[in-house]
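Structure, as structure tokens:
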Amino acid sequence: DRQTLVAVLQFLRRSNLRESEEILRREARLLGDDLGGNVATVATSSPGVAAVAAVPPGKGETRGVCGVGPSSRRGPREVGSPCAARSLGGSPLFWETKVGAVVVEDQPDVSAVLSAYNQQGDPTLYEEYYSGLKHFIECSLDCHRAELSQLFYPLFVHMYLELVYNQHESEAKSFFERFHGDQECYYQDDLRVLSSLTKKEHMKGNETMLDFRTSKFVLRISRDSYQLLKRHLQEKQNNQIWNIVQEHLYIDIFDGMPRSKQQIDAMVGSLAGEAKREANKAKVFFGLLKEPEFDVPLDDEDEEGENEEGKPKKKKPKKDNVGSKSKKQDPNAPPQNRIPLPELKDSDKLDKVMNMKEAARRVRLGPECLPSICFYTFLNAYQGLTAVDITDDSSMIVGGFADSTVRVWSVTPKKLRSVKTAADLSLIDKESDDVLERIMDEKTASELKILYGHSGPVYGTSFSPDRNYLLSCSEDGTVRLWSLQTFTCLVGYKGHNYPVWDTQFSPYGYYFVSGGHDRVARLWATDHYQPLRIFAGHLADVTCTRFHPNSNYIATGSADRTIRLWDVLNGNCVRIFTGHKGPIHSLAFSPNGRFLATGATDGRVLLWDIGHGLMVGELKGHTDTIYALRFSRDGEILASGSMDNTVRLWDAVKAFEDLETDDFTTATGHINLPENSQDLLLGTYMTKSTPVIHLHFTRRNLLLAAGAYSSQ
């Protein structure tokens, strides 16, 4: 494309990048100084030579080019050269630059972002352009109509913003009033924000606006539908719309059948459209790590084998096959040392033994055998219950409250005790067998301990796997680590500048994750006061966080209506899941690590296959936000708890069997969800007037639920 090439050369010259200009000239066999003159044909025969992107340039946009490969040997890269320092294995690299605008990347300068709207079209014709396109799409064949209808919303927003930015306020108002009713119902909240932007000044500080401007809205369209659209816009000379498509939309084109309305509706609805297919291509090690092997002392009579403290008596260890499950390494598991995990202490081993004994008596759940549900209702919680967690062995429960307190209860007859004072500890015989008992101070025994320290509502709580520590995060922007030996605060982690909505310990302890209003999730280790990783990419608050069972990945749910999976090792985002129509409030990994369940304000539970990066199920039934999701210990049942005061049980085995995860489905996102999820619903259990905010399966598969009674 000769014009593009000339524009690129002019741009390089204006930017004083003589060296790049010379290289491009040589590659394109262009000699002489006359940039406007006749340009020789561009030769792109040798494999390492750069080709110019054969895409019509958008408004005021040139596509710079940079050679990669043997033919472009050169010295050190000039600063500001339009060549991205990334190599794609010898393929040409394209680097978009906007002439007269800053390259739009993360957290950009507002005025630079908005200047892209300077392009003036005739304001009176905007309604005509839009209704013309609308008429074309509505009259096209059914198979294309569903796909092309995805254009309505992003075009509507950008055309409206363009009118507002160029101060055509009355035209903007009439454009909004005429077409806002045509948009899908799940965009209503966004449109409400948009309707309040009526002047250019309003656009300066509006975050939602900025996100929409800076992140290209992704549409996934089949090649046939795209060709149809392109032809229509070019015939009609409809440059205004074509420019917006070029500048602000990312069209992910796939070969094959167009998708149906149901398939599209299942996947769209997030703040930035769907995920690009590239985003879900990376390999994910979703398998479980191998359990360490150690001897298990087996008691002859299990019942008498436990003394008062619930610790197994010392007996001669007999080799038992439970502890030394010589499992073969799961082929999908990450290497054992991919990330450093803490060593097992003796107390951890003892706990694992207890866990295995409990597991031996675990009830096998299924459609014929549903779990009993024990509901912990917080009565008179006038302080406002905002978070709950239960220890893995179900011995303690913690509540975070809006009055900034954290309250820990023992739910077994064993009371909570603190360690004795230093003076008393010095008198204890350290060699005695029951030294761990002797260090506890009986005078402090009580069922409830209250932890003071936060200066705002506590939105998230999490017990460490060894029950020695407790995390809490708050509106005050900090995450606090509490000792459950002394019931005091050990550390306050400061990194978030705004409220922290959720925090969770890794299943192996030591690491924990937090997510907040500043749109990023942070990975911490208990002994570092700075975060180890910062996971940035969400376009709105990170509302919930979860570790994968193998601790190598972290899932985050956000108010931008997407779920992202992050690799702990390098901080990369390896999966983006779109499909929810409201902010995400709950996440749960299946015990085998293969699947993820997510719940949101739209009352739907969506099921995802992590390996293939695909949505594989949708569970409809709840009528309000889903705040709690949990798989049973063997993964046969998924429990969901909601603000609609119900707990629902779903058949997870049936939901995940015979999945269509062939290459074609993965490539195009043609997912076929069953019309009706009612046959997966095993039971619905109402509370009188208690929203469910936490669920937990005990080691024997009893389901514990928790929430605060609301008198309204």
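Using N, Cα and C of the backbone, Cβ positions are placed for all residues, glycine too.
Annotated region 'Disordered' per TrEMBL: 63-82 (among others), in sequence order.
According to TrEMBL, the feature domain 'TFIID subunit TAF5 NTD2' maps to 121-249. Mean pLDDT, taken over the domain 'TFIID subunit TAF5 NTD2' (121-249), works out to 83 on the 0 to 100 scale.
The feature region 'Disordered' is assigned by TrEMBL to 296-350 (among others).
Residues or ranges marked as compositional bias 'Acidic residues' by TrEMBL: 296-307.
Look at TrEMBL and you will find 319-330 tagged as compositional bias 'Basic and acidic residues'.
The list of residues near the repeat 'WD' (378-419) in space but at least 6 beyond its ends in sequence, with Cβ under 8 angstroms from a Cβ of it, reads 310, 351, 354-355, 425, 439-442, 444-463, 465, 467, 470, 472, 474, 476, 482, 484-487, 693-694, 696, 698-699, 702, 704, 706-709. Annotated repeat 'WD' per TrEMBL: 378-419 (among others), in sequence order.
According to TrEMBL, the feature repeat 'WD' maps to 451-486 (among others). As a summary of secondary structure, the repeat 'WD' (451-486) carries 0 helix, 19 strand, 17 coil according to DSSP.
The list of residues near the repeat 'WD' (493-524) in space but at least 6 beyond its ends in sequence, with Cβ under 8 angstroms from a Cβ of it, reads 341-342, 456, 459-466, 469, 471-481, 530-536, 538-547, 549, 551, 554, 556, 558, 566, 568. Per TrEMBL, the feature repeat 'WD' maps to 493-524 (among others).
Here the repeat 'WD' (535-576) has Cβ contacts under 8 Å with residues 106, 211, 215, 269-272, 275-276, 279-280, 282, 284-289, 333-334, 338-339, 341, 501-508, 511, 513-517, 519-523, 582-589, 591-593, 596, 598, 600, 608, 610, 613 of the same chain, all six or more residues outside its ends. Taken from TrEMBL, the feature repeat 'WD' applies to 535-576 (among others).
Sequence annotations record features per position, and here TrEMBL assigns repeat 'WD' to 577-610 (among others).
The annotation repeat 'WD' is assigned in TrEMBL to 619-651 (among others).
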